[in-house]
Amino acid sequence: MKTSKASQRYRSIRRNASQCYLYQDSLLLGNSDDSFNADETGDSSDPEQIFQNIQFQKDLMANIRCRPWTMGQKLRALRRAKEIVLKFEGRLTRTRGYQAAGAELWRKFARLACNFVVIFIPWEMRIKKIESHFGSGVASYFIFLRWLFGINIVLTVMTGAFVVLPELIAGQPFGSTASKTIPREQITSAQDLDTVWSLGGYLQYSVLFYGYYGRERRIGRAGYRLPLAYFLVGMAVFAYSFIVLLKRMAKNSRTSLASASNENYTFCWRVFCAWDYLIGNPEAAESKTAAILNSIREAILEEQEKKKNKNMAVTVCLRIIANILVLLSLAGSIYLIYFVVDRSQKLEQSKKELTLWEKNEVSVVVSLVTMLAPSAFDLIAALEMYHPRTTLRFQLARVLVLYLGNLYSLIIALLDKVNSMNIEEAATKNITSHWADAPTFSATRTVPEEGQWPTPGSGAELRRNTSTWVVEETSFLTSITPHTKANKTVPYMQGPQGQCWETYVGQEMLKLSVIDMLFTVASILLIDFFRGLFVRYLSDYWCWDLESKFPEYGEFKIAENVLHLVYNQGMIWMGAFFSPCLPAFNVLKLIGLMYLRSWAVLTCNVPHQQVFRASRSNNFYLAMLLFMLFLCMLPTIFAIVHYKPSLNCGPFSGQEKIYDIVSETIENDFPTWFHAVVGHISSPVVILPAVLLLFMLIYYLQSIARSLKLSSQQLRMQIQNARSEDKKKVAQMVEALAIPSDARQAGSATEAESSENSKPKTLQARIQTHEESSKRLLKDSDLISQLSSVYMATSPNNGHMLNFDSLSSKSLRMEAITRSLPQSPGQGSRDPCSPLLDGSRSRPEQDTNRHPHRPCSSTSNLHKNRSCSSVTQTQPLKDVRSEPLSRKDFQPISPPFCGSGVSTLMTHDHSPRAPRYYVVNERDSHKKTHRAFWPERHFKIDALGDIVELYPRNVQQYMSWVPNQPCSPQLSEEEEEMLRRDLVQWSIPASSLTDLPRSSCFYTGDRSENNTRDPKYQRRVYYRSGDNSFEDQLERPTFVHRKPRSRNGQYPQHALKARVKAKFEPSFTESDSVSAASSSDHQNSNNDQYLHVMSSQGRFPRSASQLGRRKAKSRQVLPTDLNDLICSNV
């Protein structure tokens, strides 16, 4: 028979796949030696075959690890695949080969470049080693330190390239101006230890501090504007820090959103998939092992914290007490720092010379408070019983508040001193102007013979009283002048030297940073190193175990150390404007801190008892750093805006405000129109709407962020639900594989018992859903779920109904239409509502019990007792097929009707027959209709007298109606032959069938005229009762049964399997599989009913008005809703 294009393509694919499989076996699994020649494999003149072989070899090389072969077979296969690709790929195109080679070369180069770049990442291997032994929480501290190191490198480059180097290269040299010259009274003590320690002497008059830089607007030949650069760089330090922090936080937020909030299969991933098989170094293997163990400990702790039960009343009370203690500690530290700063100011006013402790007591007290208070907070946090990660965050917040309180108390005290210095400077300026207006005295003397004489002069000393300033002349002979200068008139004008408050603030910030570094080194050596030595070497000689009890080995305190970095960076931001070299000093400090801390951790510290996983993004650290940056920027901005710059030092001397340098530069160095534009932009008319617009934009973006966060949570929940549904489906599949065998056994036992006790009296028409491919599911989803009741219009059966249901394929629910026969005397009857699963899962050999042996016995009350059985299908019905059962022992009553279109078995028109119900699948006229569930049938009578069904030419196989089941098992061969003759002779009188109800037949098909046959061409078969009491024309209903599971796919009762082409399969829907049996009176036997199944997008049936809009056809259509169908003459 002629096959279709799809069949040809399928066979071609199967043939190519088998050839490819044979080629794989011969190439990959063949045991050949090294003398393998690539010319013997894949050598062909066909370009398509060459391309297929090359493509296969590439796929093999890409998926060689997934092959279930030994390593030797994999290596041989990989070697041969490379040889074939290198040899034959050039036959197709050399450009593709060059591209592939270039891509491979670039991939190798990129990998080498990445490995080379890793070498330049500072302290990468050191951090990995720490992470493997101490966990990600401790490693996060060092990663954070490295990131701060990078920020300070950039800040150092900015200040050094634009401020420090131009001043050193093009500025005035040291000693040329008063701001760059050490006073004479300080020269002798400029190199003393206490002077250097207090950052005085030569350090004070150097590029380290603000006062050294000159006030010239342009320096050098290029006319570099140093004052403007100094101001812009100071603002750029804050701007760059803000931008970097926000970008890093946004990147970490995206990373944390991309990853799942809670990990699935945590322990499985860590146990089975955590090892890195590329490790070749024993030390790296040891570190990786420690890292895996530590991650498992972290996961175990996470699970334990989820299941921990707490007494909330006691916990709340302890937390309240802990917070009260923390507040008292914070208030006490702030008061102590402010008291020390105020005391130092009073000492400076009362004493001329201060001791070393009095000069540095402020920095020492601040460092002691910042070092001891976090330990007290750590002890207090033990009362709260939080999760370790939550405890860390509370500890970080408290220490942050402590550090901010210390810094602000220090800066407030410093600004108070700046106010007093400005008052003194204003008073000094007034006195200097008074001396400038006074007359100039001159003294003339004869030169003595000794060659020298004392020069008259005046020394002035300022003394502050309550309301006036008094100048007292103490002496007039202050120095000895050589006689060569004796006869000159020397004018004298001298006032008190002004002080530079910007340099003083920079000195205090740098001094605080230096002392903090020293205290950090001392705490590491004392608390960690010497403590570890004491515990290790004296534990054997002590009264108790020093390793498990006090003092034991030190633990790395993450919160304290992280906040120490934040505090240190805050000092840098606060003092960078007054000390341009402070970021460079911080770079050196961070380098030393990295090496010292890492050494102490690996040598002296032990892992924390409660190891916990650090946050994925570390945004909490960055948020604290951002908060610190904002609060440290405020004092600097306040000083720039509020205080007047010093008169005798700095690049802004002579200005009313520091920011006036910008307006002065715009006025003098830019065109007039630019100055006008800047003036309009800086006016309140523009600034206020811009600020409002920014607030609106921030609110809009925040709303979008909230909505995106909510949507991401919903999507994550959907993913989790999908995973749970997949798990349920897998469980159902496992149960479905286990159920059929048990169901078959139970069904066979039930059927055997029923056959022994009683004969079945129930004719059932079962409707089973069919689960098809995904494309078919999309089409089936459009088929509505219809439910109707057919009321029998015969006089004794009004009100009785047959229910049949057509459900969508997504619901595994079936409706069984049953008709119960009356019980014979002395026989039991089966339950008419018996479950469908028992019958559908029975073996094909046991189908004799499913169909009645005597369908026509005692049929006078056949129409009674109808019921509907609703059964839920619990397993997928992928192998369900509806086929007509074979019928035996009946002959055609007339020769086949010969026609061009239809040839069926039929009877004379005058004989009464039962009404037929055609279940028609209604489709639109513009859609292409498919064939019905079964193709149009053609019958003939073979030589043996059996009915043979002929399929059309496009059907690949025939199905012969061979004897399957005897109508009456009590008949012998002679009686069967007699039955055949009686059926042919038309020996049944019509009057004997008056009380016999006819069986209603349900047919499936499309509305199209060429697919639905006329009722008069339908097959008619005569039956005779078992006891020969009557004979009649009856239509046995078509049964839908489950396809048996067999390896060869053949039914045991059929000689040939009915194979229909795949293009007929899409027409198999729920509505097409309906077949049922019903009864009617002989008065209504000449009318056939059509049940239309409408295909629509909705879930509910169409109304009668919608059905009436369809085009009327040549047959009779029920115009009402399916729930009101009446089986009567319409």
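The backbone N, Cα and C atoms fix where each Cβ goes, and this holds for glycine too.
Annotation comment: Swiss-Prot describes 747-767 (among others) as compositional bias 'Polar residues'.
What Swiss-Prot lists as compositional bias 'Basic and acidic residues' is 840-850 (among others).
The compositional bias 'Polar residues' annotation in Swiss-Prot covers 856-876 (among others).
Per Swiss-Prot, compositional bias 'Basic and acidic residues' is recorded for 878-890 (among others).
According to Swiss-Prot, the compositional bias 'Basic and acidic residues' annotation covers 1006-1017 (among others).
Feature annotation from Swiss-Prot assigns compositional bias 'Polar residues' to 1097-1106 (among others).
As annotated by Swiss-Prot, N-linked glycosylation site applies to ASN264.
Residues or ranges marked as region 'Disordered' in Swiss-Prot: 742-774 (among others).
Swiss-Prot lists 819-893 (among others) with the feature region 'Disordered'.
Look at Swiss-Prot and you will find 999-1019 (among others) tagged as region 'Disordered'.
Summarising the annotation, Swiss-Prot assigns region 'Disordered' to 1033-1059 (among others).
According to Swiss-Prot, the feature region 'Disordered' maps to 1097-1116 (among others).
Here Swiss-Prot flags 1-148 (among others) as topological domain 'Cytoplasmic'.
Summarising the annotation, Swiss-Prot assigns topological domain 'Extracellular' to 170-192 (among others). Sequence-remote contacts of a segment are chain residues at least 6 beyond its ends whose Cβ falls under 8 Å from one of its Cβ atoms, and for the topological domain 'Extracellular' (170-192) they are 200-202, 205, 211-214, 216, 219-222, 224, 226, 497, 500, 648-650.
If you look at the topological domain 'Cytoplasmic' (214-225), the same-chain residues 6 or more away from its ends with a CB under 8 A from one of its CBs are 166-167, 169-172, 177, 179-180, 650-654, 665, 669. Here Swiss-Prot flags 214-225 (among others) as topological domain 'Cytoplasmic'.
Across the topological domain 'Extracellular' (247-319), the model assigns an average pLDDT of 75. Swiss-Prot lists 247-319 (among others) with the feature topological domain 'Extracellular', giving sequence analysis as the kind of evidence.
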Three or more CB pairs closer than 8 Å, sequence separation of 6 or more: does that hold for the transmembrane segment (620-640) against the transmembrane segment (320-340)?
no
For the transmembrane segment (362-382) and the transmembrane segment (149-169), decide whether they are in contact, meaning at least 3 CB pairs lie under 8 A, counting pairs 6 or more apart in sequence.
no
Mind tallying the topological domain 'Extracellular' (531-570) by DSSP state, helix then strand then coil?
21 helix, 2 strand, 17 coil
May I ask you to check whether the transmembrane segment (193-213) and the transmembrane segment (571-591) make contact, with contact taken as at least three Cβ pairs under 8 Å and only pairs 6 or more apart in sequence counted?
yes
Do any residues, 6 or more residues outside the transmembrane segment (571-591), come within under 8 Å Cβ-to-Cβ of it, and if so which ones?
145, 148-149, 152-153, 155-156, 159-160, 163-164, 207-210, 230, 233-234, 237-238, 241, 407, 411, 502-503, 505-510, 512-514, 516-517, 628-629, 632-633, 635-636, 640
Under an 8 Å Cβ to Cβ limit, what residues of the same chain, 6 or more beyond the ends of the transmembrane segment (681-701), are close to it?
none
Could you tell me what the rest of the chain brings near the topological domain 'Extracellular' (531-570), counting residues at least six beyond its ends with Cβ under 8 Å?
134, 137-138, 140-141, 144-145, 148, 151-152, 370, 374-375, 378, 392, 395-396, 399-400, 403-404, 406-407, 513, 516, 520, 586, 589, 597, 601, 603-609, 621, 624-625, 628-629, 631-632
